[in-house]
Amino acid sequence: MEWKAFNPRFCVVVIELPGVIHVTRNRFYKVQTTRSWDYLGLSSTSLSNLLNKSKMGNGVIIGLLDTGIWPELEVFNDENLGPIPSRWRGVCESGEHFDGAKACNRKLIGARYFISGLEAEYGQPYNTSENDDYMSPRDSSGHGTHTSSIAGGSFVANASYDGLGLGTVRGGAPGAHLAMYKVCWRLYGGVCADADVLKAFDEAINDGVDVLSVSLAADIPLYSEVDHRGSIPIGSFHAVAKGITVVCAAGNAGPRAETVQNTAPWILTVAASTVDRSFPTPITLGNNHTIIVCNKTLTGQRKWLDRIRTNSYKYRFQGQAMFTGEDTVSAALVYPEVSDLMPPRNCESLSSNDDWMAGKIVLCFASDYNQSLLNDAILSVKAAGGLGVIVSRSPSNYYPYAMNFPCLQVTYETGTQILYYIRSTSNPQVRLSPSRTHVGKPVSTNVAYFSSRGPSSNVPVILKPDIAAPGVQILAAIPPFDETTTGAFAFLSGTSMATPHVSGIVALLKSLYPDWSPAAIKSAIITTGLTSHQSGGPIFAEGEPPKLADPFDFGGGIVNPNSAADPGLVYDMNTENYVHYLCAMGYNNSDISQLTEHPVVCPSKQPSILDVNLPSITIPNLKKPTILTRTVTNVGPVNSKYKAIVEFASGINVAVRPETLIFSSRTKTISFSVMISSAHNVNAGYYFGSLTWTDGVHVVRSPISVRTEVGESFF
């Protein structure tokens, strides 16, 4: 089929007659921006983990819809890789600064680019020179290169960001093959047109990919799954119907509730979490008193000042930086004091015209979490001739800046203590020393501040996100500034980085279990997620203030790949189950038929959406005792006996029938019912709990979210 742009203001794309299915307005998406694999238990030195059991994803093809790829990088070498699968039907498309005959190998086996939809909406040809881009699959922004190397990059030793995070970089499935579908362009800071995304889905399906990694998300409000203005739910439905698992980003609009995106039940939606790595950075005040950026607290302001003056004690505080190199930076320390009659000078108000910052290190306080404004502020300090900046901000939402400029982040508490020092002396001085890399305890795992949260604004009864994965300060490949360089790496953060982590894990599972459906793989990942640290402590969700993480923050938990490889039971689904969901949503037969591309007639009695066989249970408006059903399939030992364990907050009652599931060679699939009721007599927020099936070895945990609704709701 040939795809052509048509009527750019109101049409996505039209297939040449007679195959036109639907015409709708174009829409746009945005990209959502080494320790992590060892942290997830996938060390390459272990012979018993999923990585090596699956032969590192050998033979699996991961397709990525993104900004393109830089194929010459060492992380995309094909050393020791097997042959390209015979089922592969894709191409390596040539274009500007991209020779398809040379760019692809056994690692990068395909590359295409799609821009007709963008140009149709834009109304003129895309100028690659003005936008510093390439009319080809080549990546100019770095986003697609970064995500590709996370999902399936090859081993590269001695990788780091100027010495930080030093180690071996690789993807989650280093034995897998990659295929890039460039759908995002640098116009207006980066956009990805619906028409191009939908076309890329179609080509990837026809090419023969096994997994699709889509680190893209649209803005709120969301469209329904049958609305043709949303290409990701439509394209992903077709992919899943063909047995292709689609992994998408949850979005970067957190910590606000109801901001999660890519909410269709057939999509595996990924939130972002931190890893157990930090970059402690010493701050030495002018009297040689050292504040080590770490994790202890200070009490007693006057006592502290006395000890500073006598240089008799060292205190440790929380903070982060990525100040690289071997040299320290020493200078006068200043704070933008203003009259009490004037608005305070916070970090975001700093300007490159502030000549008082020249030759000095600046302490400032961030007023809120706005990363772009803070980045602008740091650049303003640099442009004004400042030698460094100490940003004091809420401890729940700061990450080190990966830029070639001394920028240290400390908590409000630590910043306040430094300010006491400035105000206590006539000539405050400070020395900033290079950062160090710390891995392991006591650094904890949290759901990232920016990670979008549930419940779904589209379909609250479907739990989203599904799972969380590392997405904060992930070291991976980027295009080099010098085109002769074969290795360049950077730390990037976002659900965009979390998504390929799960895509790589899906590739490993697909290699180990080629017959598993996308729903089975999704179930295995969700029901084995970690809801507490491996050391036993709770997982927090960053916010104002931080709180204990719940299913709307991380779905089933933090992805746990080795347990996902042996889940015991799975909640399986197929296209028929998804049609059940669409009918339960009340979509009309015509809309559903357009989505499925075959005639669908929903039953006269609308089915219950609560009976969709998901590995989670969410009831947003529990008014009376409600019964729902689920079906599990045994993928563990043939003769198994599972018992139900229910955990829930006081006032919510959950009863499971039967309470014991007995599997045998003849009984591989069993259905059970769950009755949920509430003793609460007021409209309140969500209560959270879980239903776990266990045989003493496997733990199959389904998160449950329930909100009681009593009569009319008042706000």
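Placed from the backbone N, Cα and C atoms, the Cβ positions cover glycine too.
As recorded in TrEMBL, the features of this protein are as follows:
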DOMAIN    57-529  domain 'Peptidase S8/S53'
ACT_SITE  Asp66  active site, charge relay system
ACT_SITE  His143  active site, charge relay system
ACT_SITE  Ser496  active site, charge relay system
DOMAIN    611-706  domain 'Subtilisin-like protease fibronectin type-III'
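Everything TrEMBL records as a feature, shown here on the structure.
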residue: Asp66; record: active site, charge relay system; Cβ neighbours (10 Å): 30
residue: His143; record: active site, charge relay system; Cβ neighbours (10 Å): 25
residue: Ser496; record: active site, charge relay system; Cβ neighbours (10 Å): 31
Per DSSP, what is the residue count of the domain 'Subtilisin-like protease fibronectin type-III' (611-706) in each of helix, strand and coil?
1 helix, 61 strand, 34 coil
Across the whole of the domain 'Subtilisin-like protease fibronectin type-III' (611-706), what does the mean pLDDT come to? Round it, please.
95
In whole Å, how far is Ser496 (active site, charge relay system) from Asp66 (active site, charge relay system) when you measure between their Cα atoms?
10
Separation of alpha carbons, His143 (active site, charge relay system) and Ser496 (active site, charge relay system) (Å):
8
